[in-house]
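Okay, so here's the structure we're looking at.
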Amino acid sequence: MDMGDFILEMKNITKDFSGVKALDNVNLKVKKGEIHGLCGENGAGKSTLMKILSGVYPYGTFSGEIIFDGKELKLNNIKDAEDAGIGIIYQELSLVKELSVSENIFIGNEPNKNGIIDFDRMYYETKILLDKLNLNINPNVPVKNLGIGQQQLVEIAKALSKNVSLLILDEPTSSLTDADVEILFNILRQLKDNGVTCIYISHKLNEVMEITDRITVQRDGKTIGSEDTKNLTESEIIKMMVGRELTNLFPKEEHQIGKEILEVKNFSVYDSKSSSKKIVDNVSFTLKEGEILGIAGLIGAGRTELVSSIFGSYPGRHEGEIYLEGKKINIRNPDEALDYGIAMVPEDRKGQGLINILSVRDNMTLSNIESYKNNFGSVDVNKEIVDVKKYIEMLKIKVSHFDLAVKNLSGGNQQKVVLAKNLLRNPKILILDEPTRGIDVGAKYEIYKLIYELVKSGISIIMVSSELPEIIGLSDRIVVMHEGKKKGEFVNKDVTQEMIMQCAIGGK
Amino acid sequence: TTNPNQSKSNNQTSQTTNTSDNSGKIKIGFSFDTLNLERWQHDRDYFVQRAKELGADVLVQSANSDSQTQYSQCQNLIAQGIKVLVIIPHDGSAIAPIVEEAHKAGVKVLAYDRLIMNADVDAYVSFDNEKVGELQAEAITKLVPKGNYFLLEGSPTDNNAKLFEQGQKKVLQPLVDKGDIKIVGEQWAQDWLTQNAYNIMQNALTANNNKIDAVVDANDSTALGAIRALQEQNLAGKVAISGQDADLANCQLIVEGKQSMTVYKPVKEEATKGADVAVALAKGEDINANGKVNNGKIDVPSVLLTPVAVDKNNMVDTIIKDGFHSLDEVYKNVPKDQWPKQ
Amino acid sequence: MVNSKGFKENNVSINKKFSFNLKLYTMIIALVGIWIIFAIATKGDFLTSRNMSNLFRQMVSTAVLAIGMVFVIIAGQIDLSVGSLLGLTGGIAAIANVWFHINGILSIIIALAIGLILGTWNGWWVAYKNVPSFIVTLAGMLVFRGILIGITNGYTIAPLSSDFQFIGQAYLTPVSGYLLGIIVLLVGAYTIYSQRKSKIKYGLEVSPFYLDIAKIILMIVLIGLFVFTLNSYNGIPFSVLILAILVAIFTYIASKTVFGRRVYALGGNIEAAKLSGINVKKITLILFAINGLLAAVSGVVLTSTLNAGSTSAGQNAEMDAIASCVIGGASLMGGVGSVIGAIIGALVMASINNGMSLLNSAPFWQYVVKGLILLLAVYVDVASKNKE
Amino acid sequence: MVNSKGFKENNVSINKKFSFNLKLYTMIIALVGIWIIFAIATKGDFLTSRNMSNLFRQMVSTAVLAIGMVFVIIAGQIDLSVGSLLGLTGGIAAIANVWFHINGILSIIIALAIGLILGTWNGWWVAYKNVPSFIVTLAGMLVFRGILIGITNGYTIAPLSSDFQFIGQAYLTPVSGYLLGIIVLLVGAYTIYSQRKSKIKYGLEVSPFYLDIAKIILMIVLIGLFVFTLNSYNGIPFSVLILAILVAIFTYIASKTVFGRRVYALGGNIEAAKLSGINVKKITLILFAINGLLAAVSGVVLTSTLNAGSTSAGQNAEMDAIASCVIGGASLMGGVGSVIGAIIGALVMASINNGMSLLNSAPFWQYVVKGLILLLAVYVDVASKNKE
Ligand SMILES: Nc1ncnc2c1ncn2[C@@H]1O[C@H](COP(=O)(O)OP(=O)(O)OP(=O)(O)O)[C@@H](O)[C@H]1O
Ligand SMILES: Nc1ncnc2c1ncn2[C@@H]1O[C@H](COP(=O)(O)OP(=O)(O)OP(=O)(O)O)[C@@H](O)[C@H]1O
Ligand SMILES: O[C@@H]1[C@@H](O)[C@H](O)OC[C@H]1O
Ligand SMILES: [Mg+2]
Ligand SMILES: [Mg+2]
């Protein structure tokens, strides 16, 4: 192949974190103007490689060479990468919550005259970007008022605002619904027509298949290989990633559904910021013992608000009734919910799921720490460690030691820690809000199997997910929401994605 | 009032100088409440100088107005093999336990300027703090026998401020009872800060529509702030105001007629006397006490000096004569032709 | 659909403006409450133009410190050295002026330069050596106070030359006061007008005309009242004018400039700020440098007001400054705060001090009531925000 | 594969242990550095058993405050009221004892109860009324000091009865000192042994035997040295014993109990802590209550040491306590810190104060050198951590 085709070559990149090799002699070549997919298990080193390329880990903190546009790149900081024309959307949301949408989009590149910001221009350009993404929000609203999905779109807008020749997207769609993904893809195709190169990282292989031209697969910090997308199938990618075949992604298993355990009646939730606005409007549903109930809907449909209000963690006011095993209950905070046997994996793992500076162990046992109390009132650390090790094994969490701070884990592995925390609590009802965000196919499969084991043992599950295949592949029953209202309920037999989509966008 | 003792005590000190031909160097520890106040710097300089003449070394510490720090520092001094510990207590009660500790280590303790309470103190050299308050009030009542009085006291957490207040009240209360004077306000300036005193005085003038005839002010750093506030109302010089410590800036204000008086504690005399007593204690000689003061436990052998009220008239005879400040310094802002002849 | 969405957005934008203002308004309401209580308790003395003039002058040195401090706090840092720095720079200015007979202006410039340098020293350790700002500035607090004690040798340095005294003691003549008021009004009106124009240029929705008019009327009333009150005593104090100018400049910096917004960004989420390519170190350095400069301004004003430099000047002033910021809504966790808030905070504190001292209460009451008012004022603020 | 993984893990775990220790070790190294410098500068005076005894006694009241403060700081809060609370509780104990002739023990219990109640008051406002802890405790600082001034009327209250003086002034006899050392050793050895047993029970990998032996030997050396040094002067001071007991209890609480874990969690990410079912309000309340209690302990010890209660006791003590925590590695942003660190921080500060005072330097030098040593000590710590 002609060398001139390549806009980027990363050669023999090696990077370790105090003894742990995250990248081991990695090579990546990207052609000018292509959309290049990067796949690999959780912890394979994808994000680390991209952080090297965007100057987060500056020249000298890794070994190897980066050739970009024919010249060797020695990046000292992020600014250098931006100056060279490289832009990135990080896997972990990196927005300043107190600042407005438009300020976040232009942070670091504020339109200004002599250091004085031209707010009107900023507003105007933000509006254009948001329109492109079909996101109808006020550019002056602080980011903290947005849902996770919307925040991810803002992050995308931020990347688009920079005029880059190489755009890196690290898990840009983990909280997006299919409709939004389609919008993003159209934009990427437009960019491609304008000669912009993209590197696209995702665990949603169908997306990767749809949008990319070539794919490189990484495993355990090493490059496995690159191939044109058209020559690959999903299962071939999986095989390269995981090292083995994985034919059925959804291990449907028979399980007993028992009597009704939870009933939610006429439930409404009001916005925590403006108390007159209803986000969830008069929703009712039931949940049976050993049942998996899926909740589908578009971004902003109010699914998160619904489930987090039930769990007692949403700050806004709510109305309606909840019956647990026939008894009316009133949950005011997560503490009480957990006492009733209801646990929840929140959608925002960084903000609500994890305590970044604490270790994997501390995080995992935070909810059930009481159960390790011994006679002296102290924590039986060894008993704790046994459990922690068990879950690390079970969920295949890639971590060198359980006392490592969770902030050092790869995105997918962090998500697994949040899952483990809630499993350790042994709930009767487990609420999962986007449970497999950023988790690789192999691990997803394991998690699904685990979910089946849970329901077989009589635990009930409510699962909010933006991945329709996941909803359809797992749920026994599906509730669909649209603009805060329940628009439909399907027993999962012969349900198609189209039927759910139709319902989610408000049609019948 | 001038100080009748002064010339006499000067003679005494020169005598002691002659008798102190000594080979072995004596170590004296000196613990100051604080050195952030102008006067204490003078005390230190005179004391050290005199001790040197007597053949003693002085280790100086300053406790930043904190009893606990002072206690620690005294411990540290004792640990260094001193013979005598001289203390200007931040709080005469709170420093008492150090006396016993010192005695255990064979160290004598001299309370300097402020008494140490409830302890077997070996000697006390001082001016009487209540007396200071009395002098302030006496001077001001003499100038303004009738009228509205405002009391600007020191830091509310400083034990000495309380003593000054007591002294003032001793003089003022009878006049209040007689109806001659009316106390229209009493405020305490946190940390003796000039700025706080300034704000307090501003507010007092506002609250009383400037109808204040006299201010009994506890010390010079607060008087400085109060006078600024008076000046703003063109009242400086019209309202009598007291002070204490004979700080240079305040002496200047006195000769300019803006401050009525300050209480001058002839520091040189006190420091020189202090050094003499300290050395005598070290050698086990007689300290020439001129009185005894009860501290709640014992009658402490004391050398008591008299604080002097200084105003425009006796400035030259006291402060300047003592060399505490020079004539040039004090009269700097006064036209040369109005300078006193010396 | 588009219509309904457009409508939604409008709603939000009005909502947002309202809630933004409310945040400051509740503290202003608490302030007004305090004023009313003191006005009643002092039988009106508190609200005389003379006392208002005093009050504003009494708040200047804390308020100037608070302006710098609020930036540092927004950035998630703290500066404990400003009290000592205030004392040191004030002392240096006084020494230059009194002992070395350097004229007032030059003495002040020297003091400001030293403030800037020592602030930069603080910032350098924090930004480039990663030492926690608490430690760096605690060290600064000790070192600067030590130097002050060393150079003054414990003496109070006074009196200053008249060109130095000017800053803290002079007043604007009534006429120039009104003139100034009119200029401010004109600038304000012009800003509103040009904002309108720029909005139209980008095809953005402009606020209804009557709202702009209302704004201008409000401005006229407030500025008029301010100037009138101060003029009916001695005129606008020069030191208050300096404060006002600083407030204007730094409010502008905080809300309108690239630098200002980046400070909020790095305080709100330092990781995100770094990942956005912001030079966090440089900004941190500049913040502390500015804070040093403002401490020097405060030192100069205080020295000039008291007509003396002393070793103990500015003791504990850092706590007052920090407290002002927090009362005014700043969070010590960073990312939140405003210059106006800090000024209102300083005014709340000065008002409590002034009122209690007018009431001539005993130290016991002063401490207790001060503490309780402070707690209640902030509680009112917090509670009303929560309800909303 | 399993083997290689096992190997890897071992490596890291050792690495990690090492780095964990390093965190504390660097500050200990800085401390040792300070000691060596002072030992040389004072020609050995610094290291005499007598001065060591003094040094430990001098650090007690700050160290006790620091123990409580570090919990508050880990939880992401601050408590500015402890200095005043120390003064108030000490004053109350003295009043009870001196004016009302209540015996020492009862006076102390009264003081402790009041500390607990006022700490709870602080905590209630912070936890249940959402007022920022900076404001609540700033108010507390004023109110408590005010009450102290009010009840003492500005007088110093002394002397105390002998049963009260005991706490601050008594020493253990040499024999009981050694006995105590041996008991501590036995408890330590038993802990190591039972940990080993429990590890084996759960099938976890145990550390090599020689390491446990080494640990025990280190313990013998350190405890022996400690007791020997203090015994060669007057014996172990009773106040130092109290401190040691408090350190043991609170280290245990921080690292081994459910409560301790939760404090770290809520300081690290309060949102996530809430969602994990932690009753954040309750914990916050308890933290401040404990802090109040410890302030009272500190107040009692100080009052007893000085044999007097005074209005100015504990002024600025809160800053020393906070500084100790930060020097010892706590972050004012919450989530990070340790009791041992705070104690080492307090020891660093006490050492600097003690050393500088032994050197008899002028105030100028005291301030400046103190500030610089503080800065350098923490810098050494930060720099070595960064490198690693
Ligand atoms: N700062 C760090 N310190 C220590 N280890 C780290 C750090 N950052 C990453 N790692 C480790 O490096 C490895 C690669 O992580 P990376 O985030 O690149 O994975 P990834 O391929 O992006 O995974 P995911 O799909 O889950 O996002 C992981 O084992 C991770 O634990
Ligand atoms: N187009 C929009 N215009 C205005 N507000 C919106 C819009 N879309 C969403 N919102 C609001 O944003 C908030 C957060 O939505 P969020 O994304 O959390 O909802 P969700 O149903 O949980 O979606 P998801 O879980 O898929 O992200 C809601 O208050 C919602 O009403
Ligand atoms: O001399 C005074 C001193 O005794 C007092 O303690 O503090 C203020 C001084 O003016
Ligand atoms: Mg990743
Ligand atoms: Mg959601």
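Cβ atoms here come from the backbone N, Cα and C positions, even for glycine.
TrEMBL does not curate its annotations; it predicts them automatically.
Pulled from TrEMBL:
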- D:20-40: transmembrane segment (TRANSMEM)
- D:60-78: transmembrane segment (TRANSMEM)
- D:98-119: transmembrane segment (TRANSMEM)
- D:131-151: transmembrane segment (TRANSMEM)
- D:171-193: transmembrane segment (TRANSMEM)
- D:213-230: transmembrane segment (TRANSMEM)
- D:236-254: transmembrane segment (TRANSMEM)
- D:283-301: transmembrane segment (TRANSMEM)
- D:321-352: transmembrane segment (TRANSMEM)
- D:364-382: transmembrane segment (TRANSMEM)
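Residues 53, 56-57, 59-60, 63-64, 67, 70-71, 74, 166-172, 177, 180, 227, 230, 260, 263-264, 294, 297, 301, 304-305, 338-340, 343 of the same chain lie 6+ residues outside the transmembrane segment (D:236-254) yet bring a C-beta within less than 8 angstroms of a C-beta in it.
When Cβ-Cβ distances below 8 Å are used as the criterion, the transmembrane segment (D:60-78) is approached by residues 86, 126, 133-134, 137, 239-240, 242-243, 246-247, 250, 254, 263-264, 266-267, 270, 283-284, 287-288, 290-295, 297-298, 301-302, 305, 314, 317-318, 320-322, 324-326, 328, 330-339, 341-343, 345-347, 349-350 of the same chain, each at least six residues removed from its ends. Stretch with the largest number of CB pairs closer than 8 A to the transmembrane segment (D:171-193), among D:131-151, D:213-230, D:364-382: D:213-230. Sequence-remote contacts of a segment are chain residues at least 6 beyond its ends whose Cβ falls under 8 Å from one of its Cβ atoms, and for the transmembrane segment (D:364-382) they are 26-27, 29-31, 33-34, 323, 326-327, 329, 348-349, 352-353, 356-357.
Same-chain residues lying 6+ beyond the ends of the transmembrane segment (D:283-301) with a Cβ under 8 Å from its Cβ atoms: 60-62, 64-65, 67-69, 71-72, 75, 77, 79, 81-82, 85-91, 93, 108, 111-112, 114-124, 126-128, 133, 167-168, 239, 242, 246, 259, 262-263, 266, 313-314, 317.
Using a Cβ-Cβ cut-off under 8 Å and counting only residues 6 or more beyond its ends in the same chain, the transmembrane segment (D:98-119) has close neighbours at 81, 85, 88-90, 92, 140, 144, 157-167, 288-297, 299-300, 309.
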